[in-house]
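Q: Please find one structure pasted underneath; my questions will follow.
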Amino acid sequence: MLKPQVFVALIIASAVALVHGRQTTVVPKAKFVPLRPAASTASLQLTLVLPPTNIDGLHAALYDVSDPKSPNYGKHLSKSDVEVFVAPKPESVHAVTAWLAQHDIDVEVASPSGDMLRIDISVAKANEVLAANFTEFKDKDTGATLTRTLSVSIPDEVEQHLQYLFPTTQFITPLHPNRPPFQVVSPTPENPVLKRQGVDVCSIDVVPQCLEDYYHVPAAPGTAPGNSIAVAGYLNEIATEDDLEFFFLVWRPDVTTTPEFNVVSIDGGVTSGVGTAEASLDIQYTVGVATGVPTTLYSVGDSSPQGFIDIVNFLLGLDELPLVLTTSYGFNESDFEGSEDFANTFCNAYAQLGARGTSVFFASGDNGVYSFAFDSECDGTTFGPSFPSGCPFLTSVGATTGFDSGTEVVADFSGGGFSNIFPQPSYQSAAVENYLDALGSTNAGLFNRTGRAYPDISAQGINYVTRINGTFFLLEGTSASTPVWASVVALLNDALLNAGKPPLGFINPLLYSEGAAALNDITSGSNTGCGAQGFPALTGWDPATGLGSPDYDKLLALVMSL
């Protein structure tokens, strides 16, 4: 059976860190061929990222409010508190804006803290100011074209005040529209989904009732004011009310109110249209599991890495954040190697959300130990971690299977491994060390033993019944398990808020300490993905299923006791 690739692999060919004060040249991968000089009158939108004032202070504050042993546990920071840490120094703002003003370039502030600036500039002006040569390149694999330069130059007096400028020398190909990021597996004609009602559906497929029964998730609707879930959407993915209502009619007949969700557009993202697979899956298994919790699909029109930053900046600009953010898309971490400043900008954005009380979930990938790549060679020379799962300030979700047997095992596609960019955080070091001791020499030399390890947790990821544009299909992937975990935490938040307690926020320090005992440990299977090698599941944490799948009753008892 073909696995639906419900992830996005946004290929960055050569994201080399900007070296300031001199000209820097990059060489793109061979698949990018130059076509012609970019038209001088064409417009470019560039983002300039300035160094934050005290990023270490932000990290310390995040851990302080997220560690259940800390006296400040749950005392999440305000919007202004967070902005003080990440705002650039005045001299950086002055240096960069004065440089641009010398060239009559207008600047727009692109982040709430002012650490990101955005300019709209003609190709001719960009070539002049940056000593660049913007050119149209073609991706031979997809046919997509993009405008990039092989070199840029930043004045010496500006270089220390500018972390990077995007997109210039970073070669990033949006997913080609003729190459969809997933394949849909429909029910076989002799065993259609609708005939499975009233039968032991959970022995075959996954519907909300299966998750409620197996993970003890309550069916009762949430009632706490201020509770909410944010679902990130890209690539013109959209869910429809018609599909959601019929999904509830069939699989949540106990709910008598009309299910609903909101849609917010960012970067020109779509707000209506024919239902598509990923958005339908995400909405039906957030609204359908976290019953009654207000849910919003944030539709992002920019499918490049900038879109992943823009949604966070949009949320950080709100006075009241959603308490959960779930994302079923990702990158290959190897695309960020050599551009660590770019990777850290992502990670620090998620740290800001966590410090303000939002639980951030990312799917770990559907290619086992080989990240998201569709063309992964799986040659065993080195494992390829996914991004941003390697960021230590978010929660990465893997996948399991096994409702039918009553014992969960690894879903073999479950993404997992060790980051080559981010070091291992202290909150997981003991759990990871125990695993590596038990692993011994298996996969020796294929991964970074000291890197941030992922996933953190997992949930069922196979055969999710999903209604897409009027038809039921089966979907699988870690992008199915991720919204389920988001829903579980949203319901825990509901109970906490109703009891006058703060929401969970960044949950990893809790999970790796007291929280591990409230999870179902997965000890069988391996995430071989697209090759013969993978990480075996063992007792305790492992890089196939993390600490395990949720037991809502045990988690509720734990969080209410804090």
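Yeah, the Cβs are placed from backbone N, Cα and C, and that goes for glycine too.
Unlike curated records, TrEMBL annotations are generated automatically.
As listed in TrEMBL for this protein:
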ACT_SITE  Glu278  active site, charge relay system
ACT_SITE  Asp282  active site, charge relay system
ACT_SITE  Ser479  active site, charge relay system
BINDING   Asp521, Ile522, Gly540, Asp542  Ca(2+) binding site
DOMAIN    205-562  domain 'Peptidase S53'
SIGNAL    1-21  signal peptide
Q: Neighbour count, 10 Å Cβ-Cβ cut-off, for Gly540 (Ca(2+) binding site): what number do you get?
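A: Total other Cβ atoms inside 10 Å, all chains included: 16.
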Q: On a C-alpha basis, identify the one among Glu278, Asp282, Ser479 that is nearest to Asp521 (Ca(2+) binding site); the candidates are the active-site residues.
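A: Out of the listed candidates, the nearest Cα belongs to Ser479.
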Q: Report the same-chain neighbours of Asp282 (active site, charge relay system): residues 6+ apart in sequence with Cβ closer than 8 Å to its Cβ, ordered by sequence.
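A: Non-local contacts for Asp282 (active site, charge relay system): Val231, Gly233, Ala239, Leu297, Thr326, Ser328, Ser479, Pro483.
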Q: Hey, which of the recorded positions Glu278, Asp521, Asp542 is the loneliest by Cβ count within 10 Å?
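A: Relative to the other recorded positions in Glu278, Asp521, Asp542, Asp521 has the fewest Cβ atoms within 10 Å.
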Q: Cα-Cα separation of Ile522 (Ca(2+) binding site) and Glu278 (active site, charge relay system), in Å?
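A: Checking the Cα atoms of Ile522 (Ca(2+) binding site) and Glu278 (active site, charge relay system) gives a distance of 26 Å.
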Q: Among all the protein chains here, how many other CB atoms are within 10 A of the CB of Ser479 (active site, charge relay system)?
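A: The answer is 34 other Cβ atoms.
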Q: Using the recorded Ca(2+) site (Asp521, Ile522, Gly540, Asp542) as reference, state which further residues of the same chain have their Cβ within 8 Å of the centre of those residues' Cβ atoms, listed in sequence order.
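A: My list of surrounding residues reads Thr523, Ala537, Leu538, Thr539, Trp541, Thr545, Gly546, Leu547, Gly548.
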Q: In whole Å, how far is Gly540 (Ca(2+) binding site) from Glu278 (active site, charge relay system) when you measure between their Cα atoms?
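A: Each residue's Cα considered, Glu278 (active site, charge relay system) and Gly540 (Ca(2+) binding site) end up 31 Å apart.
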